[in-house]
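> As annotated by TrEMBL, region 'Disordered' applies to 97-134. The compositional bias 'Polar residues' annotation in TrEMBL covers 98-110. Under the heading compositional bias 'Low complexity', TrEMBL lists 112-130. The transmembrane segment annotation in TrEMBL covers 187-208, 220-244, 256-278, 290-311, 323-344, 356-381, 426-459, 521-543, 653-673, 973-998, 1019-1037, 1049-1066 (among others). For 705-758, 770-829, the entry in TrEMBL reads domain 'MIR'.
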Amino acid sequence: MQSNAKGAAARLQQNSLLASTYTHLQQVTCIAYILQPNRLYNIITDRTADFVYELNFSFTINCNISGDEMNSHSNSDISSAQHQAVVDGIIRDGDANAHSNLQNNISDDNYSQHSSSTAQTQQSSPQQDQNANRVNSMDYDSVISSIASTSKEYEHLQEQLRGGSKPIPREESWYNRFIVGNLVKQFVPAYFVSVMGTGISSTILYNFPFPAHWLQVCSYIMFGICCLLFIVNMVFFIMQVVYFPHKLRTYHVDPLQASYMGCLSMGFTTIVNYISFITKGRHMYLVWTLWWISAASALYTAFPIVYISFFSKLNAVESDTKLNATLLLPIVALTVSSSSGHLIELNLYKLNETVITMIVSYMMWALSICLAFAIITIYIWRLIMHKIPPTQLVFTGFLPVGFLGQSSYSIYLFGNNLNELIPEDLIYGKIFLCIGGFLGLFILSFGYYMTFIAVVSIFSKIRPFAKLPNKKHTNKYGLLKHHKGFWAMTFPLCTMSLSNTEIGKGGVGNYSLLTFKVMGAVFAVAGIGVTISCLVGVAVYSYDSDHWASLFTAALVLFENSIATQSRLILLDSALILGQAGAIYCFRLSTKTETEGRLWWISLIATGLALGWTISIKLTGFYTALWAVLFSLWDSYQLLGDLTVSTFKWIRVLFYKLLVLSVVPLTIYLSLWKIHFDLLPFQGPHSGLISPRLRSTFQDYKTSPVEVLYGSTVTIKHNNLEKYLHSHDKSYPRGTQLQQVTLYGYEDPNNEWVVEIPRKFYEHKHYNQSRPVKDGEIIRLYHKATGRYLHVNDVRPPISEHDYSKEVNCNETRGLLGDTEYEFRLRILNKKPHSTNNLPMIKLRATETIFMLVSRDKKCNLISHDSKLPSWGDYQNEVLCVEESTIPNSLWYIESNSHPLLDGPKTQVDFGSVSLLTKIWDLHQAMFRVNADFTTPHKYSSRPEAWPFVLRGVAYFQSLPQYTSLTEHTSQIYFLGNVTTYILSFIVIVVVIAKLAFYGLRNLNPYVAYLDPEPKQKFYANALLYIAGWALHYWPYFFLHRNLYAHHYLPALYFAILNLGEYMNYQHKFVRVSLMVAVLSGAIYCFEEYVPLIYGTEWTVAACVVHKWFPGWNMDCMTYGG
């Protein structure tokens, strides 16, 4: 071990590259000492030792140090990690830029460490001088041993090089480092303000002063955001209590932290309020239980927390200037819980429950009034003595507004509820109503004044009202930067809206006050606007522009009329798009992660699972799978240019990709078919569409005799189309006007024919003799249901009017004598795969023999094809006789067979055991046949060229007036795309295709090497992905000759929307934001305008007619005339 270590050290000293690297490290350390001798020197030397440790990694392998031990690399200090990046960058560059880069990073560090004192710097100067001498005396041979490092990894490395056995500690996990060490540790209860703001905003949207359905829809979205924020914050709070128990004590004894505990209670109460609105008097015990929980939490914050924090720590306050309105937060929790109790008390099931809730709610309101007005008095005194709070705390001026608005709302509800509860013949109810109204107006008036103070305080901090704005909290224009303090405005403004709206609806006494409703709408718009801006601000400052594009794209999908219609009716396309979205996301994630890393494997397998979901929903999901495989190959092709990847690794990665993207989806697909066959063991009404081999696997399948005799009653199937030779009691409208002969896809008595000899019918000769039908014999086919014989006339058929084509019909009855026009020669051509011998090639056997029927008189072959008869032929396939026909259209076989002499078990058809793959193959053949058979004209069908422009729609549901009761409204559900999204996404596709073409032609120039910036390369790479996905899901429909509908465009539309978001993200910042706002506004407008067609709500004939923007929109507006 020691010899190996000495050999590794010798090789280390002989490496010239490492020698130059150490020289640069000496220079960096000296620069660090000169510029910031207090802190940066130790950090640089720590990270230098880490870098040395990494460089020696290859040598430690020779020293028998395991890879698992060396992979542990502790890096928990955030600032140290930043300086490590500085050192690594300087080492890589090794030029004059190192000095300037280091100065920039040091200046940033100085800014972040503004709280450090000058005295501390001076006290450390002797140590700095010592460190400087040590740095100046460094040379290459002494770098490892002389750097004063605190790196544990380096110490372990030295121990290993000396022959020690102490293991190197493993690297701290991402969960402990980021989740626990960052998010959980930095969490504070003040984050529950976001729950308060979004919760009360959802309530305002649901009960807007001037209601609209789309506002209620928006309230659902806002409530979802509120619940998500509450869950996330609650999880972090619980984790913090578990991992850092001392934090809980801080939240009780520190006045600055304890005040925000009221935010938890108020945030939860807003959720309870919204639940009480949407339940509409149902499940009140659940709502009542939740209210008691919120009341208990409010009382806890108002009593123990206020006492412990305020009264025990009040003497620790250094100055009156630290007093601010956040002291109100625990008290406001009582008011919020009080108003919540008044909201639900009249809907409770028992009178005593209502009275108890009313009393408890009023007592909480009274207690909060007493405490809050005392604090507001102190706060106003503080404003008078010490002026307005600093810029960072200026938004706390809205907190008194929140209390006053909520108190006014609570007491007004209390007066109204007493009026409802007290019998009408008693005057006390009216008295309480007036008292509640006047008290509410009294408190609300004070709320107006405090709103004015809060708004003026904000304006005093910005230009042009502030001559010297705080540069830390304002931008270059003198306006306030967005920060977490903005959340303090959301809840107060919305509480003022609640109070104004409630007073405006109920008025004072019997007098309604419309002005207050208008003021409620003003405060509602302001509160909701601030809430949205806070949510957007969080997104902006937490994520980059890519996340903005993601939010924009998600909003377009959310407000897409066609996707919403498909989803609410639980149609297949909604599940298909879900799987498609998951496949695209996981595939993109796999291309961005380290190859063969843990996340790469997870994302790759997740892609396979999502593709399995997609292809199992609809066959069009295979287009998505093809897209993923093609771009996996493209990604592997690009990996060829990476010189760090060996050929073996490249082949291995390509093999893994293709294996996962093929095996995982197909495994899911085949497994679902296995479950399908296990759950459906019996035949259905459409069993005639599938092959006899597949039908034989059903439990209720009745086998037929395999031997076909003269006199057998058979059903004859077309070998290619899998449809029955059929005739019914209808005549051709022209030509011979005889009985029609067609192909029919379902089991029916009209499919049965009797095989007879070409002579007059004698029953005893047909049914008492066992005479098989052999190859080359002449037969006649008697239609059992109508009593007529299959016949060929020398007349052109009704559709295929060619000289070589002849009409096939049914004519004559059992009295027919010999006539060659009714006779057919049996020509056996092949046999089915399940036959076990050569008998099917000699004589006619059911399900085994494949044969042709040749007219003896006209010398033509009986055939059928895809062409269908018009409505007079019930859109069934045409049957005709052609002299020189194509063989596939001329082949037939017997499916079922019966004869009185064929009853023994040995004569039955035997398909043997049918494997799962065979069953799946047969069923897929039937699926493709049925899918291609949808050619009957339909009122709502459309062609692919009309889809991107929303030229046609599809009527899904319509309630007719004559079938609607008097209490119900007539409605319809009509599939339409969002005009803004559809047309703009297609226009952008055309633009991007043109840009890709020019971009590709430019790069084909062999004499110029273009070095495009990274955003441009990223845009064109992503655009190519999405354009290819759109084309793969759109262009194949141009080659299908079946009925198509507008919903077939949805998978391609999803790629088009992704491409639209990518294009927006590529624009300059101002253009990007402007276009996103404009496009999203247009999409929301188109969504809201057609909500009655999406959700089947009430509409009028006039509104329906006005909304027919295109001639192809054929929704029935008279539906709304009932």
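A Cβ is built for glycine as well, from the same backbone N, Cα and C atoms used for every other residue.
Nobody curates TrEMBL annotations by hand; they come from automatic prediction.
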> Quick test of the contact rule: Cβ under 8 Å, at least six residues beyond the ends. What residues does that give for the transmembrane segment (256-278)?
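Those are 188-196, 199-200, 202-203, 206-207, 219, 223, 226-227, 230, 233, 237, 250, 286-287, 290-291, 293-294, 297-298, 300-302, 305-306, 308-310, 326-333, 336-337, 340, 343-344, 347, 491, in sequence order.
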> So, by DSSP, how many helix, strand and coil residues make up the domain 'MIR' (770-829)?
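For the domain 'MIR' (770-829), the helix, strand and coil counts are 3 helix, 27 strand, 30 coil.
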> Run through the domain 'MIR' (705-758) and tell me, per DSSP, how many residues are helix, strand and coil.
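Breakdown, helix to coil: 3 helix, 28 strand, 23 coil.
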> Tally Cβ pairs under 8 Å between the transmembrane segment (356-381) and each listed stretch (220-244, 290-311, 323-344), then give the stretch with the top tally.
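The stretch with the most contacts is 323-344.
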> For the domain 'MIR' (705-758), report the average pLDDT of the model, please.
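Mean pLDDT across the domain 'MIR' (705-758) comes out at 91.
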